[in-house]
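Chemist: Feature table excerpt (TrEMBL):
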- 33-58: transmembrane segment (TRANSMEM)
- 70-88: transmembrane segment (TRANSMEM)
- 100-120: transmembrane segment (TRANSMEM)
- 132-151: transmembrane segment (TRANSMEM)
- 158-178: transmembrane segment (TRANSMEM)
- 190-210: transmembrane segment (TRANSMEM)
- 222-249: transmembrane segment (TRANSMEM)
- 269-290: transmembrane segment (TRANSMEM)
- 297-316: transmembrane segment (TRANSMEM)
- 328-345: transmembrane segment (TRANSMEM)
Amino acid sequence: MAITNMEIENGVQETHQTKLSTDDSKKSFIAKWWLLLLNIACTATGAIGGPLLIRLYFNHGGNRKWLPAWLQTVGFPMHAIPIVILYSRRTPGAKFFASPKLLLCAAVIGVFAGLDNFMYTLGLSYLPVSTSSLLLATQLAFTAFFSFIIARQKFTPFSINAVVLMTLGAIVLGLRSAGDRPAGVTGAEYMLGFILTIGSAGLLGFMLPVTEVTYAKATKAITYSIVLQFQFFLALFATIFCTIGMFINKDIGAIPREASKFGLGPTKYYLLLASSAVVWQLMFLGIMGTIFCTSSLFAGVVNATLLPITQIAAVIVYQEKFTGEKGMALALSIWGFTSFFYGAYKDSKTQKAKEVETAR
């Protein structure tokens, strides 16, 4: 059968369109990986720097409990900068703004985030950074549990192993709780800090899959600009929650007095507050962006993987005691991380093999 010029032209056009589609797909894939790496870097900055700055605040005379919690989200206006940039570069006619329902969900989650920040801060005021970070490693176990219930993510033998190991790590720390108690902290306060930190890890483990499900059930496609708007409203309402606590506890009026008595001087006091606000906001923005690029469970894994680095940094910067119990808990945590990552790697290979079989 003779092939006409029209058929040849159509074939060439189809081949060209297929090539363009493949190129666009590759560019989109690479862009998403760069976005994921950027979000992981933001998470790392906050997860490592945030606790060290809070401990610095308490070590040199800071004693307000609501103020450090407030600092973890008060930097939310900085999200307006990328939102404005993305708005100026939007495609004409494309939907840019998040739906009111999605922003309402962000507000509710924000109230939980404010409570979580207060629990974490109060717990850290009674614990060394290294102990607090080890306890926060249980957040991965809580995330896996709530992801199974809320987001319907399946448990595997590897994820179960990780949960058990991290739980054992927290138990090991709890059995010998007096060995690294900071000066001036009573046994009751140390135990309160222990309980509050575990509670904070559990609440964060709950919020991550709730955020993932909120994204999944959104009426419109979730873009990165919508993620930024979501985080903006979440942090706004977390800040409002902590601001109310500050007014009740009279923290706002106490700031000038505390600055004048701060061990490093008033200038460094205010610099510490400002840098804390920026560093913590980078972490929360990074977590939300990681959920957008992957899943809540992966965001939990990234956050938990950074905790051993925070522990080592605390030991180096503040010369905190690294007891045998902490060493054992750290080993169990690393074992748990390794188990989880290996399981995720095997699942990824299995999924790719299935996709190849389906394509055939």
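The backbone N, Cα and C atoms fix where each Cβ goes, and this holds for glycine too.
In TrEMBL, annotation is done automatically, which means it is predicted and not curated.
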Chemist: Same chain, outside the transmembrane segment (297-316) by at least 6, Cβ under 8 Å from its Cβ: which residues?
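Modeler: Answer is 40, 43-44, 47-48, 51-52, 55, 128-130, 133-134, 136-137, 139-140, 143-144, 147, 151, 153, 166, 204-205, 208-209, 287, 290-291, 322, 326, 330, 333-334, 337, 340-341, 344.
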Chemist: Tell me whether the transmembrane segment (132-151) sits in contact with the transmembrane segment (222-249), defined here as at least 3 Cβ pairs under 8 Å among residues 6 or more apart in sequence.
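Modeler: These two segments do not touch.
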Chemist: Are the transmembrane segment (328-345) and the transmembrane segment (222-249) near each other by the rule of at least 3 C-beta pairs under 8 angstroms (pairs 6 or more apart)?
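Modeler: Output no: the transmembrane segment (222-249) is apart from the transmembrane segment (328-345).
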Chemist: When you scan the chain for residues with a C-beta under 8 Å from the transmembrane segment (100-120), skipping those not six or more beyond its ends, what do you find?
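Modeler: Tertiary neighbours of the transmembrane segment (100-120) are 65-66, 69-70, 72-73, 132, 136, 196-197, 199-200, 203-204, 206-207, 210-211, 214, 218-219, 226, 229-242, 245, 284.
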